[in-house]
Amino acid sequence: MSLWQPLVLVLLVLGCCFAAPRQRQSTLVLFPGDLRTNLTDRQLAEEYLYRYGYTRVAEMRGESKSLGPALLLLQKQLSLPETGELDSATLKAMRTPRCGVPDLGRFQTFEGDLKWHHHNITYWIQNYSEDLPRAVIDDAFARAFALWSAVTPLTFTRVYSRDADIVIQFGVAEHGDGYPFDGKDGLLAHAFPPGPGIQGDAHFDDDELWSLGKGVVVPTRFGNADGAACHFPFIFEGRSYSACTTDGRSDGLPWCSTTANYDTDDRFGFCPSERLYTQDGNADGKPCQFPFIFQGQSYSACTTDGRSDGYRWCATTANYDRDKLFGFCPTRADSTVMGGNSAGELCVFPFTFLGKEYSTCTSEGRGDGRLWCATTSNFDSDKKWGFCPDQGYSLFLVAAHEFGHALGLDHSSVPEALMYPMYRFTEGPPLHKDDVNGIRHLYGPRPEPEPRPPTTTTPQPTAPPTVCPTGPPTVHPSERPTAGPTGPPSAGPTGPPTAGPSTATTVPLSPVDDACNVNIFDAIAEIGNQLYLFKDGKYWRFSEGRGSRPQGPFLIADKWPALPRKLDSVFEERLSKKLFFFSGRQVWVYTGASVLGPRRLDKLGLGADVAQVTGALRSGRGKMLLFSGRRLWRFDVKAQMVDPRSASEVDRMFPGVPLDTHDVFQYREKAYFCQDRFYWRVSSRSELNQVDQVGYVTYDILQCPED
């Protein structure tokens, strides 16, 4: 051995001993379903500059096609350092969530005036996001309009028809106007300048988490806070919580503080939970019973088994197979995940990740610092996950900005202005002097004396009086409320309530008008928990049960005055409670008393070769299958558009059913294909659609006597 070798070994050992210890690096994990952008900075800049009008303006000026001139335009418009370079400040601005209206130029498809020529502006809320209670959304829009009416002669009146000047819509991706949204973050909303038709309308990306800017809004029940919303984060026993918790309780009921510090304020309420109540179903809102038996198996949590629409449900007695009583489990915005591979599912706490147990959301395993959770108790084995809710975007502030566009304002270059294109949360007065000057340039000041902007508060859900525990640690089972709502909070109409069934005009009954004497119905649909049967301008209602008979007939025109006498198919989307009525090449959409339509089928993405829609079946959350003859398509209810790639032959998905059915509908979670007086019933077992019964509509479904 060389004389140098021992010395080298000694130096190596000493080097190891005296080297500074390395900082432990977090393990980075590739999460299944994680969407990552592969855009380079240059590609991001090119796309951004084109989308928001800078490239086109630079080219129109005859300037070079390098990014420099367009970057200078952007930097000047956004009040950034004017370097003409793709520097860090410019890239940061490009990555900031913002309005989708171009900064230079307008949505080029539309022409129109830059202001309204009347001062009483009407608006219609066409649909809602599920992120906030409807009352909170209504209030956010009303307060946003109030900002502009406080400094101008304008007034804003809510109406319930598409004739409104400003139609407000939540949508995702391509939502019908040719300017698609881009998923979560990025482009938040857009609006069109004043004018007829779609002009003046404001659209909000429903892939965002809409809040009041300070986290998800979770209304509480019971407790001692009079239904106030949860305050996130809150302190309990010295620890910070950003979601509802069961800590401190022995009954498993999730609760939250309604102030920033429970330890000092002692104010709390219970979060939505299937252990408190259920929604819809047939159990009058009673809470889930765990465990319960379904198809011979025991369940200790809400499940989607047995359903094709993805809704979580539970039995409200110990044995569903025997009692047939159930309800749908309420969702909690504070723990409903976004993205990942389990969007819409709930976080499960505690969960195991890399052998360690987590009782809150974590950023472990990620290089971007985003909080996530598992949606099963063990990520290591199941690999199911999603991002935890963040602070969300203030619907009030974004709406106020978009309504500025709907009134005729362009983007401002003042970073503190409401009309600056980038989202900025503030709890101070939103309007800057630049905003006020701009809107008054169009409409003038409010007539003197000019009142102060009205002070409004967000309405909070009320809770029924109850004997409440003095704090979250415990509650006696007998004190736990069992009465729940008969339907989900979001199930209300977007307009004035429609007249109840008892007010519908009953047509004088004759033997020919008895539903049991109708050979072929025009359309059949399950609406609510009843079966509706339509024929020649009339309809009947049927509730299943021993000795039940169809009620009616009633006039279609009394309940849905916009509809024609002859209908081809009808369906209800359960989540939004929208009713879709198809007749020939047209469709009408009712939301409460409000109606949209008639619209042509091509607006839904169905070609001119589709003469009618003959039926619909649920196909996952917010999705339907639309039928016409031998073909079917997958239909996105929220976007109101079919996926053209989903076209398929009926007999490929539903072997054994007639190919010339005149009506397809869903009833009690099974599919019915009608031909003449008969139906073919299809049930799904092991992901296979199989005909399990053939029968008469009148005798076997409506329980009509056979004499």
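Keep in mind that glycine also has a Cβ here, set from the backbone N, Cα and C atoms.
Each of C329, C347 is a candidate, yet Swiss-Prot gives the disulfide link of C373 to C347. The range from 97-104, 337-344, 505-512 that Swiss-Prot describes as motif 'Cysteine switch' is residues 97-104. What Swiss-Prot records for the Ca(2+) 2 site is G197, Q199, D201, and among D165, D182, D226, D247 the residue it adds there is D165. Of the residues D131, D284, D305, D321, Swiss-Prot puts just one in the Ca(2+) 1 site with D206, E208: D131. Within the same chain, residues 51-54, 56-57, 73-74, 77-78, 179, 181, 185-191, 393, 398, 401-402, 405, 411, 421-423 sit at least 6 positions outside the motif 'Cysteine switch' (97-104) and bring their C-beta atoms closer than 8 Å to a C-beta of that stretch.
Here the disulfide-bonded residues are C244, C256, C288, C302, and the one ringed by the most other CB atoms within 10 angstroms is C256. Per DSSP, the motif 'Cysteine switch' (97-104) is made up of 0 helix, 1 strand, 7 coil. What surrounds the Ca(2+) 1 site, by Cβ distance within 8 Å of the Cβ centroid and not counting D131, D206, E208, is the set S129, E130, F170, F204, D205, D207, L209, W210 from the same chain.
Between the alpha carbons (Cα) of D206 (Ca(2+) 1 binding site) and C314 (disulfide bond) lies a span of roughly 28 Å. On a Cα basis, C314 (disulfide bond) lies 7 Å away from C329 (disulfide bond). Note on the domain 'Fibronectin type-II 2' (283-331): mean pLDDT across this stretch is 88. The number of other Cβ atoms within 10 Å of the Cβ belonging to C373 (disulfide bond), over all protein chains shown, comes to 28.
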